[in-house]
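Novice: Quick one: the structure is below, questions incoming.
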């Protein structure tokens, strides 16, 4: 079992990307957690490049801010250059409300509407890097697309990305963002139940799950390709990231990683 990893320079704390609940655990706030909270405003689809407004103005120096974010990720232990380059390429400020664009490159979760958040950059980088370490995945499934940011990062180096979002409003939001960045043909976005996966598209070289179940759904394990990896939070009050690799037709290798705090994985869809 690997020892839990905490990003250098950050005190140990729960982390909680995911979707469903709006409650915050003790000590977790919108600034230090990915727990999705009730937002003050609703996020809007990304404006086209060069558009006005605060998000468009931030674009003038967003390259510098993204570079600083990537340098911070390096100090926090992210070493996969594919992931770092992808994070540097995707304009995170276009995935949040214009009123929050100035905070887009902080290592913080930010509200995107529908009582949900965009996951903090370190969590996105950590999960993608773990799922793709020492391999070149060509088909990846994301469960819990949110505003589309993580799918956009994956699409920078993965040929075929499939992303499922159970909340209709977020599905529409993510679709608008991906279209604005001309990534709609690189990411197949589905409004559906992520716990079921996409059996008609499987197998997947990697699966990234953005909410915690008491156990990893067997349907998702079955949809991993041989040698494929799934990363997800698991547990109720005491949660950990788990990395699962398929080693045979009916065998999987499990490795526990960091202690985390995610909201529950939920079945079904929300219109």
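The backbone N, Cα and C atoms fix where each Cβ goes, and this holds for glycine too.
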Novice: To which of the residue ranges 1-60, 61-120 does Swiss-Prot assign the term region 'Disordered'?
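Specialist: In Swiss-Prot, residues 1-60 carry the label region 'Disordered'.
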Novice: Report, as a single number, how many Cβ atoms besides its own are within 10 Å of the Cβ of residue 119 (active site).
Specialist: 28
